[in-house]
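Listed features, source TrEMBL:
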- GLY163, GLU164, SER165, GLY166, ALA167, GLY168, LYS169, THR170: ATP binding site (BINDING)
- 915-1105: coiled coil (COILED)
- 1155-1231: coiled coil (COILED)
- 1320-1409: coiled coil (COILED)
- 600-613: compositional bias 'Polar residues' (COMPBIAS)
- 1116-1127: compositional bias 'Polar residues' (COMPBIAS)
- 8-60: domain 'Myosin N-terminal SH3-like' (DOMAIN)
- 69-763: domain 'Myosin motor' (DOMAIN)
- 1504-1780: domain 'Dilute' (DOMAIN)
- 599-634: region 'Disordered' (REGION)
- 643-665: region 'Actin-binding' (REGION)
- 1106-1127: region 'Disordered' (REGION)
Amino acid sequence: MAASELYTKFARVWIPDPEEVWKSAELLKDYKPGDKVLLLHLEEGKDLEYRLDPKTKELPHLRNPDILVGENDLTALSYLHEPAVLHNLRVRFIDSKLIYTYCGIVLVAINPYEQLPIYGEDIINAYSGQNMGDMDPHIFAVAEEAYKQMARDERNQSIIVSGESGAGKTVSAKYAMRYFATVSGSASEANVEEKVLASNPIMESIGNAKTTRNDNSSRFGKYIEIGFDKRYRIIGANMRTYLLEKSRVVFQAEEERNYHIFYQLCASANLPEFKMLRLGNANNFHYTKQGGSPVIEGVDDTKEMAHTRQACTLLGISESYQMGIFRILAGILHLGNVAFTSRDSDSCTIPPKHEPLSIFCDLMGVDYEEMCHWLCHRKLATTTETYIKPISKLQATNARDALAKHIYAKLFNWIVDHVNQALHSAVKQHSFIGVLDIYGFETFEINSFEQFCINYANEKLQQQFNMHVFKLEQEEYMKEQIPWTLIDFYDNQPCINLIESKLGILDLLDEECKMPKGTDDTWAQKLYNTHLNKCALFEKPRLSNKAFIIQHFADKVEYQCEGFLEKNKDTVFEEQIKVLKSSKFKMLPELFQDDEKAISPTSATSSGRTPLTRTPAKLTKGRPGQTAKEHKKTVGHQFRNSLHLLMETLNATTPHYVRCIKPNDFKFPFTFDEKRAVQQLRACGVLETIRISAAGFPSRWTYQEFFSRYRVLMKQKDVLSDRKQTCKNVLEKLIADKDKYQFGKTKIFFRAGQVAYLEKLRADKLRAACIRIQKTIRGWLLRKKYLRMRKAAIIVQRYVRGYQARCYAKFLRRTKAATIIQKYWRMYVVHRRYKIKRMATIVLQSYLRGYLARNRYRKMLREHKAVIIQKWVRGWLARIYYRRSMHAIIYLQCCFRRMMAKRELKKLKIEARSVERYKKLHIGMENKIMQLQRKVDEQNKDYKCLMEKLTNLEGIYTSETEKLRSDLERLQLSEEEAKIATGRVLSLQEEIAKLRKDLEQTQSEKKSIEERADRYKQETEQLVSNLKEENTLLKQEKEALNHLIVEQAKEMTETMEKKLVEETKQLELDLNDERLRYQNLLNEFSRLEERYDDLKEEMTLMVNVPKPGHKRTDSTHSSNESEYTFSSEIAETEDMPLRTEEPSEKKVPLDMSLFLKLQKRVTELEQEKQVMQDELDRKEEQVLRSKAKEEERPQIRGAELEYESLKRQELESENKKLKNELNELRKALSEKSAPEVTAPGAPAYRVLMEQLTSVSEELDVRKEEVLILRSQLVSQKEAIQPKNTMTDSTILLEDVQKMKDKGEIAQAYIGLKETNRLLESQLQSQKRSHENEAEALRGEIQSLKEENNRQQQLLAQNLQLPPEARIEASLQHEITRLTNENLDLMEQLEKQDKTVRKLKKQLKVFAKKIGELEVGQMENISPGQIIDEPIRPVNIPRKEKDFQGMLEYKKEDEQKLVKNLILELKPRGVAVNLIPGLPAYILFMCVRHADYLNDDQKVRSLLTSTINSIKKVLKKRGDDFETVSFWLSNTCRFLHCLKQYSGEEGFMKHNTSRQNEHCLTNFDLAEYRQVLSDLAIQIYQQLVRVLENILQPMIVSGMLEHETIQGVSGVKPTGLRKRTSSIADEGTYTLDSILRQLNSFHSVMCQHGMDPELIKQVVKQMFYIVGAITLNNLLLRKDMCSWSKGMQIRYNVSQLEEWLRDKNLMNSGAKETLEPLIQAAQLLQVKKKTDDDAEAICSMCSALTTAQIVKVLNLYTPVNEFEERVSVSFIRTIQMRLRDRKDSPQLLMDAKHIFPVTFPFNPSSLALETIQIPASLGLGFISRV
């Protein structure tokens, strides 16, 4: 179709704009051919008439559809032109924060001026192994492509990084080298990759400087070749440099700096080693203060100096050489301060003893006078004579600066040579990747020689770039068999010819330099004469005769001729160089050696090429010769040669292009200046690439992708089985012009704009379909609405009519009711009126009758009361008279009776006195006394009768007196009352008068009091109201405080609960971290162990190669390997508690009490040892004194004595060994007294406790062993009775004759002596034991006495208490006593249990040893002796042995057992045919038998061989999942068996009684359990790596790229960098592939009998890998971030969850590992517009980090035009809401993360005795016992 047909109404176009370069607009009406004006509507809202050029009539550029904006590859755009490129870059850079974009084969990198988290090792791992088009653009993708092509095509590669200063070239090159160093690693232990990276700080310090455009601008070009071996690992590197900007050493523009190294030296001047350099502030030196900006913001020159020195050390530059470099650099600074004074116009001088020159000479080691002379003079040589000529001040200054530049350039070359030497490798280089970091096209206001060389280099590179792009296009067309024609593209060969051809600019410049009086002006005239008006690319400025203009590929540049000749010559005086060469400072002359003598690895590279690392050399005038000729080479000539060699290198490699763009000149982060960007895009060739692509067929689709995308444009009949033919048929119908497309073998090629046309057709078709769908749906919705309304109307009518009928019926009922109500109401009113009248009449009658009755009643009541008062008054008067009379009578009677009683009493007293006197006078007269006594009794009786009578009389008298007294009192009272009444009347009258006065006064007071009361009442009321208000406020405040307290309590409770939960989670995380750290250490240990084994094998091969006749056997090697492996494992096991129990940061304080106890225990052990040694010495002396007696005793046989003596010696040596260990431990404790060393839980503390425990147990065992041996010897002595027969003497003589050797006799004697010692020590020990028992009994008696006394005291105390308290106290005391006794009994029981178990073990040990001894005795005794000498047998009780469940094998069959059971076992056959874990059961049964035999060597050997054999199998077949799973299962089963049958109570809970009988009896294999646990961890990690390697290729294809739900995702144009197709082709992985693989893994693990908990952990790890890799790729692929892809991901995740449910693994934690992926998929599908959407996203994406959420939103790309992009403001809103979230800034998940594994104890119910060994295993040499 014609292009003009696309200019329809609403079409969007780009129009030029002076400010924004290009501006977007929209057509207001269709364009028709012939129109001269386009009506446009700008985005600002204005309308514009755009006039077309009448000559060209070119229409404005069309704008791409929105769905194509922001594409990863610019060539994927339908319209390829400058505004589309600029807009796409701006959208990606500003909106999506993406700095990388592909443009065909070029990677465009925009400097963000901000640190981005996209260069970590996780990003490197994500890009490693990926196709370039599969991931988002990145410098790592380019590096990976170069690395992959180098390995695949075996062709050297180059990465060409170019751009303006400040565009980020150096950083890009640095990241590319970091990628190679990380991905490839090094082939040796020399850490070459670290050295390669370490070269960057050095080269930046000596070659980079601050400019107005860049704080770290590279002022030289460099090409770094990174060498690789055949396995594509880094072996070395080589660096070439180009055109160092030497002028910066002596001059810097405003706001610029010199090279960084000078400022680093000045900043570090205070260091002690730099004192000799005599440096100071940078402002003190002329060469560092000219720019006026000595400090870069955010850069610490002191730290940078440390980094530079560290890098120098890493690269092998010694400290002496480093100090030499710094001396030379400091000398250059001091040389810049040398000042000249003019003598006259042609001569100058230096002040005497000039300090800067003196310091320079001291540092350089040259003569002061000589240097001073030649700085002010020069030597001129003619053919006949040589003479010295003074120079002017200006010439001297220029010569000084030239010398400084020359020294710095030589030092720069020297450093580069030494860096290359450090990076050089002796290994032959197989291939290399070159990284070219070179200056981009430059144009300034004043352009000089440097800009000319830089632009010349860029012309060459642009030519190479154009040819390469054209070549790729041509190859693509030829590959697809498409007819093509030559594309007209810009060829800059004429410009290159202008510069470098014969009589070109450089040629004329060199010629002018050779002229004696050549100047810049004469050279300019030659240029004008040669090229002006002859070459279209050469122009002359109108207003200048000292400049020229060259039309470069990027722009026109005007060069100023001033300084060209001087810079090209690079003149330096030879005499000054000679002075420096004569320096005493050895390093300085080395800088000025000839090139062929210089130490440089580049002079003889492995490839034999000429070195390209050469900066401009000096030009000196001297004698003719080879040296002089070398000096005559100009800078331009050298640069041209270097450039030619560089181009040869690049042409011999496959280039990869990185174009760096500087977005703005102010270094603002993420700020895009369109003008500056367009300039650089034009200069770097990006737009040329676009133009070349647009000239051909820029849009390319595979047939399958075209069919999937444009299936909507086809009818059902057009769809054929052959996709290619279908596409052809459809295209012929859609596009009439066949020149607009071409059909290739696998792709369809379209001209520019055709894809946009097809997209328009597709959008129109979809829009029409949408309209039709909308029409149908809206009609259906309206019909549904109409039917609902009609139905509702009918219902409403029905209800309204019913309501009206009910209302009418209600009206009728109300009318009838009203009539009835009226009738009854009227009746009621009349009846009520009658009742009121009747009631009123009755009331009047009742009141009247009541009044009359009440009056009559009152009268009767008054009369009645008067009668009663009279009655009571009369009675009262009669009673008063009676009482007075009775009182008087009684009083008289009482007086009379008292008088009579007194008389009688007097008589009785007289009689009493006469009796006493009679008694005194007539003592002893008993009869009379008896008579008198009788009389007295009678008188007493009479007296009693009289007293009774008297009492009666007194009572009568008292009553009468009382009556009389009452009458008298009554009379007196009447009299007094009368008197009182008279006085009262008088007083009352007086009081009435007073009261009247008081009343008046009281009334006045009352008024005042009432007034005060009113005031007080008001005040009180006011106060009460105030108090009430305050009370109300206080109540409210109290309620608020109570509410606040309740809320705070709730908050505190919730906070504490949350804190508790968080602390619990944190503790779990810490535990997992510790477990993960320990398992990572195990992983690292296994890796180092494998590396050690590999190196060992290599060493073995290297040793065995020259000696083929003496090859070491495999068994020897394996045994050595086993020894090493086991020792290393034990070491690791010993270190393990230090890592797992407690972090090193937590220091526990020293437990001094425990420390002192340990010291005391050690001292006691030593004392006990010393006592035993003293006793042995004393007994030895006794034996020596009784030597004669001992000779007479019967001799014990020599073999027995020898055996016993050896046994004693063994015990003694063991005791000495234990003593030494205790001494060492004590010494260690005394030396290391720091808290962290001796604290509980510290390493030394634990080691001490373990060894002390083991020493104590060993001592006890040894003591008991000695006692057994003693008892055995005693029994033997009793059995062998001394006989004085001839037979005995003959036997003795025979024994003596047999011991002919004196050594045997001596040994027999020593054995006898030791036996006596043992017997004596036994007696002593028995004596001590009896004494100890007696002492213990005495102590017990004493304790019983104390207990008895205490009980008595308690009893006495209880008796003093009340009964209830006594009972309670006695009960409490009894409870306490019983509790203590119970605890004591429990402790004794535990001790007895331990003793019983210990004795059982020792009994077996001694029984075995005694059995061996008996066998030895039987061998040494002849048959005759057995018959003649009856020996009493030694009865040792033996435990019944149960041999079931054990396997017996010979020691020599161990290797065979391991070989058949482990090394050569096929897991598949065992898993299918036999019980799971059979090898583990067999090995454990063998260990049981060795344990039963108490053969520790056999147990150790078997376990060590098992562990090492498993490792060997895994090393050999470690990439086979089935093998690794099989041995992980068996290792865990073996570990569970060791736990289950260990005898520990914690592991015996689930055992049967039969299984408990099978427990190990002699050895504690806890250490081996730890070793096996570590081995299981290593196997698990290897299993995870294996399944990761299997799953990784499937995940991205199956989870992201494959369309599980067909037709949901739309395919977009892909551009040159073709992405992996989402269409399922043969060989591509789908979700079903992943599920089948998961099923395979699960079935294999189940067949091998793996623990269910372990299977859950493996599944959790697998799902984590799937989720992490999928999410990481999603975050790095813009094309995957769309709504439809979110649906695909959620469907895929649901399938994985369904798989978990089918396998009953939902509680394994695997689903939780997919949560970040699920939330990312939801994020792609949710609405992303309003603040509510932002809030929902923040609450939903809890498992995603802020960086991941923002990244997904930035990458979100609509696949169809009906979707909308995420606005920048919405992303800012999300960032603001998430700013307080504390999460990791890391973008990608760690796909290599392995969860810490645990092995929960899983006992087996299988009985060991039931296990049968199949013959297929080849284990016939072992037998079931």
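Residue positions begin at 1 at the first shown residue.
The backbone N, Cα and C atoms fix where each Cβ goes, glycine too.
Just so it is clear, the model here is predicted, and its values are computed rather than measured.
For THR170 (ATP binding site), the number of other Cβ atoms no farther than 10 Å from its own Cβ, over all displayed protein chains, is 23. What surrounds the ATP site, by Cβ distance within 8 Å of the Cβ centroid and not counting GLY163, GLU164, SER165, GLY166, ALA167, GLY168, LYS169, THR170, is the set ASN111, ASN214, SER217, SER218, GLY440, CYS660, LYS662 from the same chain. Long-range Cβ proximity for GLY166 (ATP binding site), meaning a same-chain Cβ under 8 A and a gap of 6 or more residues, is found for ASN111, THR211, ARG213, ASN214, SER217, LYS662, LYS667. The DSSP breakdown of the region 'Actin-binding' (643-665) into helical (H, G, I), extended (E, B) and coil residues amounts to 9 helix, 8 strand, 6 coil.
In the shown protein chains, 27 other C-beta atoms lie within 10 A of the C-beta of LYS169 (ATP binding site). Non-local contacts of GLU164 (ATP binding site) by the CB criterion (under 8 A, 6+ apart in sequence, same chain) comprise ARG213, GLY440, PHE441, GLU442, CYS660, LYS662, GLN680, ALA683. Looking just at the coiled coil (1320-1409), the mean pLDDT is 70. Secondary structure counts, DSSP: the domain 'Myosin N-terminal SH3-like' (8-60) has 0 helix, 24 strand, 29 coil. Its own atom aside, the Cβ of GLY163 (ATP binding site) has 27 Cβ atoms within 10 angstroms in the protein chains shown. SER165 (ATP binding site) has a Cβ environment of 20 other Cβ atoms inside 10 Å. Around GLY168 (ATP binding site), taking its Cβ as the centre, 25 other Cβ atoms fall within 10 Å, counting all chains.
With a cut-off of 8 Å between CB atoms and residues at least 6 apart in sequence, the same chain places ALA109, ASN111, GLY440, CYS660, ILE661, LYS662, GLN680 near ALA167 (ATP binding site), listed in sequence order.
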